[in-house]
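As structure tokens, the structure follows; a few thoughts come after it.
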Amino acid sequence: MSVDTSVRLPGMPVKNPVMTASGTFGYGLEFAPYGDLRSLGGIVVKGLSLAPRLGNPMPRIAETPCGMLNAIGLQNCGVEKFLRDKLPRLPWRETPIIANLYACDADEFAELAGVLSAEEGVAALEVNISCPNVKAGGIAFGQDPCMAGKLAEAVKKRAGDKPVWVKLSPNVTDIVSIARAAVLGGADALTCINTLTGMSVDIRSRKPRLANVIGGLSGPAIKPVALRAVWQVCQAVSAPVIGVGGISSAEDVLEFILVGAHAVQIGTANFMRPDMAFRIAERLPQLMAELGIEDLASYRGSLRVG
Amino acid sequence: MALSGACRDLTILSVTEAGPEGGAHGCYYIELANPGLGSAVAGQFVMVRPACFGQDPVWPRPFSICRLTPEALTLFVQVCGRGTDVLCRLVPGDTVTVWGPLGQGFSLEPDTPTLMLAGGVGLAPFVEYAATHPAPANLDLVFGHRQPLSCYPFAEMAAVVGRAQAFQENTPEDLPRFIELLETKVAEYAGGLIVACGPRPFLMTVARLARRFGARAQVSLENRMACGVGGCLGCVEKNALGQYVQTCTQGPVFWVEELQLSEEA
């Protein structure tokens, strides 16, 4: 049985729904020795800011049951270096490269969007309004529907013909209201979800395990939360949703598509083994054939409830 | 040249207690069949993840290469948590996924008198260092340890290198004596090469002494890592310019003057 893994996302052809999540795949190049980057549905690069960022002090990561905490603090090389040294080495003609962007205020977000939208090799902009590990900007935008909507609008105005994705935080009372506001503001798609805020402490040293004290929880532990959020958002908005959170197998991919996601991102599982995303992309069509799923469009959102 | 890159499923040939008391002190050798990891520079490391980890723990574990031959990859493992405990309970025939060799290894200067400073499980990379050094008579080893000496691959190294000395820390009073020994040794090798691996306080002492005596010294860091390939930015260390460098790809071996070593990692 031949299957069709292609997916329609705004403004870009996607050969399969398996993408990588920002902050878990470097700039893509780090993982090139472990698989063919062109086999992925998309690569979302490490969050970019206008100027390089140092990030948070060590320790920055801690292992937790079925997951991990991180407080990297958006360390990155800055947009200029990315465009000059990294992007040209990525297979952007074959696989969409999505730039995740972070800034401290709306003006800076818009400026960054302007810079990135001028680049042929950037397929879409993913606006990070949900990072829990930075003091200014980040999650502050993602917890207020009004701010989220205005930010989406500001970025969309400067994004030219590049699709704008808004990455949502689960650390809110009502993720649907944020999702609606982002779409009303002009978001072409939503990425759902970023990490959950969490904490880990050492009873012997009496210290937190992260220098930042609080960090973002990711990994298989958060998959049920992500699945719930994707399902709720897909019920409420018509914009495509890219599901992310604890996905580590082709079965997980289909779970997210079943509840309505158009595509998914592999995050912490890239740390389990660096060829994980490639393996999942390779396995997906086999699994679809085994389950009699001819194409993802007909399977998407077909969850039987009640 | 090392063939880094692909993940390989390696079969466990043996898991053996290190010496007669190794099991009681959590010290083991894990020997894996090597179907093509190529060669390695001593000080490089591999990431190891057994299938039985499943979804917990999520991270693979980094281990310096204790010995790599065309036939086998040997790791020296001290049980210190969930991951190492699981690994040391594996049996011959089990498989683990391995990727590497990764990172930058120690400098190897055949004609330079070289002092190896090792603390505890930090002795592991020096087994490969001594085995691949073209003039092991030029090597001098000082090894600080807490568990019985037989739990470590010290005797086999002592048989190979020019000089070897072990120092067991039993009481808090032993620490200043050990530091005094390190001072003497580092001063002797100010014109040579010093390579060190061990716990962070030990490496900080080595770095301080190297600066004091103007010695060329390299330290291998054991920072916590999630991926080992430069993707997570969790293992960084501050360099002399105050910028973060990645221990997995730019290290784990650094010249001491490249770093601002701090207590936290």
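A Cβ is built for glycine as well, from the same backbone N, Cα and C atoms used for every other residue.
Predicted, not measured: the structure shown is a model, and the values here were computed from it.
Look at TrEMBL and you will find B:ARG61, B:PRO62, B:PHE63, B:SER64, B:GLY83, B:THR84 tagged as FAD binding site. Look at TrEMBL and you will find B:CYS227, B:CYS232, B:CYS235, B:CYS248 tagged as [2Fe-2S] cluster binding site. According to TrEMBL, the feature domain 'FAD-binding FR-type' maps to B:5-108.
Overlay of TrEMBL annotations on the structure.
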residue  : record                        : Cβ contacts under 8 Å, 6 or more apart
B:ARG61  : FAD binding site              : B:MET47, B:VAL48, B:ARG49, B:GLY83, B:THR84, B:LEU87
B:PRO62  : FAD binding site              : B:PHE45, B:VAL46, B:MET47, B:VAL48, B:LEU102, B:MET225, B:GLY228, B:CYS248
B:PHE63  : FAD binding site              : B:PHE45, B:VAL46, B:VAL48, B:LEU75, B:PHE76, B:VAL77, B:ALA124
B:SER64  : FAD binding site              : B:GLY43, B:GLN44, B:PHE45, B:ALA124, B:PRO125, B:GLU128, B:CYS197, B:SER220, B:PRO252
B:CYS227 : [2Fe-2S] cluster binding site : B:MET47, B:TRP59, B:PRO60, B:GLY234, B:CYS248
B:CYS232 : [2Fe-2S] cluster binding site : B:MET225, B:ALA226
B:CYS235 : [2Fe-2S] cluster binding site : B:ASN223, B:ARG224, B:MET225, B:ALA226, B:GLN246, B:THR247, B:CYS248
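With helix defined as DSSP H, G or I and strand as E or B, the domain 'FAD-binding FR-type' (B:5-108) counts 13 helix, 48 strand, 43 coil. Of the binding-site residues B:GLY83, B:THR84, B:CYS248, B:CYS248 has the largest number of other Cβ atoms within 10 Å of its own Cβ.
Other residues of the chain with a Cβ within 8 Å of the Cβ centroid of B:ARG61, B:PRO62, B:PHE63, B:SER64, B:GLY83, B:THR84, the FAD site, are B:MET47, B:VAL48, B:PRO60, B:LEU75, B:VAL77, B:LEU87.
In sequence order, B:CYS232 are the binding-site residues among B:ARG61, B:PHE63, B:CYS232 whose C-beta falls under 8 Å from a C-beta of chain A. DSSP classifies B:CYS227 ([2Fe-2S] cluster binding site) as coil under the three-state reduction.
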